[in-house]
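> Not my notes, these are from TrEMBL:
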type     : residues             : note
REGION   : 31-50                : region 'Disordered'
DOMAIN   : 60-355               : domain 'Amidohydrolase-related'
BINDING  : H69, H71, K165, D279 : Zn(2+) 1 binding site
BINDING  : K165, H198, H221     : Zn(2+) 2 binding site
MOD_RES  : K165                 : N6-carboxylysine
SITE     : R167                 : site 'Transition state stabilizer'
REGION   : 381-425              : region 'Disordered'
COMPBIAS : 393-407              : compositional bias 'Basic and acidic residues'
Amino acid sequence: MWDLLLRGGRVVDPASGHDRAADVAVRDGRIAEVRPTGPAGDRAQEPEPAAEVVDVRGKLVTPGLVDAHTHVWHGAGYWGLDPTPVAWRTGVTTWIDAGSAGAYAMDGLRRHVAEPASVRVHALINVSGLGLVAETGEHRVLDHLDIDAAAAVVARQGGFVRGVKARIDARTVGENGLEPLHRAVRLARVLQRPLMVHVGYGPPTIAEIAPLLSEGDVLTHCASGAPADLVTGGGLTDAAARALDAGVVFDLGHGSGAFAYDVLETELAAGVRPLISSDLHIRSVYGPAFDLPTVMAKMMAAGLGLYEVVEAATVRPARAFGLGAGTLAPGAPADIAVFDVQEGPFALPDVHGGLRQAPVRLRNTATYVAGRLLPPSAAEAPPPWIPLSPAQKHAEAGRQQRTRDSVQHLSSPDDFDEPFPRHGA
């Protein structure tokens, strides 16, 4: 018997090349079968019964989303947020924390965030042992960039650490220039794992950073308006074009200040197809990023199609970091996202107030991890160092109330687990 059958949805699974009406069957936390939807009541199309059948006709069914750039070391630094209150309402089942922890705190990130999480959490180790305790500045004291210590920590973590992260901008490196990047490159090569490099206001410039990256490394914030030499009026700069030709992976990393439509559109016209990541953290979750489905809608506003957007937020980031996520292939973990596809147009802003019209947007209606539906979860109030506008405060209060209402309105006996059943019942 199947544990779960999602029946009749539009299944978009780029890892398998599928975009079709299909049923998704789950057994023991894994995908058991994906088969074309047959007529209702056709027993030939349902060779096995299911303990739970969910009608998802008219909805979009995708692999659980893979967000390759997030910050989830909550309660331990400036940027971190709790992934649980976001995951259940967005379809993001795999979260890669991008450098919140360095050597000093990586074990804590695994023990206190990843292991108890209801979602799958992996990490990129910050080349600085400090990680992202503060807003910036982690590379200003080179004594904290101990490659041997970082490599020893990663060796203890098994497959939890998927790569290396370094923020390379003027505020972060201070007077140390390219030396933090040189150390990050050495660490990544020792570990034989990809390096993700954050770019922003230089120096260092893209022309200095890009030649140090190799095939499989990741340049994040690729559509930021901050670097002066990422794009020109006519396309990519020579440095960016050479990096792309060398196999460097471009990653969106929207965040709170790293997404400009004009930069993105120039890159798309030049053939760049970035990974779609949110750079979700405690500042960007209240806008303008909000969540990964919102960022995906912005990519459609810039001209990409739904299939391409799903691919860039599932199997492509999973492959970039060597994960088996982002697919509905039989035998894969049953991490599944279900969405309403709402018809627009919808005006969506970049971080500078530029607007584009998205033809559709995705509203998550169910998120499954290992075949289990994630329940509603309310986020805590933001920390005092995060300034919110009156509009952001009002929107967050409304979202919190809607979450509470969704729990309080459960009334059927079937809505609740029965931990202490009566004998003979």
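Positions of Cβ are set from backbone N, Cα and C atoms, glycine also.
Just so you know, TrEMBL annotations never went through curation; they're auto-generated.
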> Quick one: what's DSSP say for H221 (Zn(2+) 2 binding site), helix, strand or coil?
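Looking at the DSSP assignment, H221 (Zn(2+) 2 binding site) belongs to neither helix nor strand, so coil.
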> Residue list, the compositional bias 'Basic and acidic residues' (393-407) vs rest of chain: Cβ under 8 Å, 6 or more residues beyond ends.
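Hits for the compositional bias 'Basic and acidic residues' (393-407): 85, 286-287, 375-379, 382.
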> Give me the mean pLDDT over the domain 'Amidohydrolase-related' (60-355), rounded to a whole number.
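When the pLDDT values over the domain 'Amidohydrolase-related' (60-355) are averaged, the result is 98.
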> Could you round the CA separation between H198 (Zn(2+) 2 binding site) and D279 (Zn(2+) 1 binding site) to a whole angstrom and send it over?
11
> Helix, strand or coil: which one is K165 (Zn(2+) 1 binding site) in, per DSSP?
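Looking at the DSSP assignment, K165 (Zn(2+) 1 binding site) belongs to a strand.
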> C-alpha of H221 (Zn(2+) 2 binding site) to C-alpha of D279 (Zn(2+) 1 binding site): distance in Å?
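About 9 Å separates the two Cα atoms.
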> Count the residues of the compositional bias 'Basic and acidic residues' (393-407) that DSSP assigns to helix (H, G, I), to strand (E, B) and to coil, and report the three numbers in that order.
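Helix/strand/coil tally for the compositional bias 'Basic and acidic residues' (393-407): 15 helix, 0 strand, 0 coil.
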> Using the CB centroid of K165, H198, H221 as the Zn(2+) 2 site centre, which other residues of the same chain sit with their CB within 8 A?
H69, A98, G99, A166, R167, I168, M196, V197, V199, T220, G253, D279
> Please identify which of H69, H71, R167, H198, H221 has the densest Cβ environment, defined as other Cβ atoms within 10 Å, among these recorded positions.
H69
> Looking only at C-alpha atoms, tell me how far D279 (Zn(2+) 1 binding site) is from R167 (site 'Transition state stabilizer'), rounded to the nearest Å.
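Cα of D279 (Zn(2+) 1 binding site) to Cα of R167 (site 'Transition state stabilizer') measures 13 Å after rounding.
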> Cα-Cα, whole number of Å: R167 (site 'Transition state stabilizer') versus H69 (Zn(2+) 1 binding site)?
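That comes out at 13 Å between the alpha carbons.
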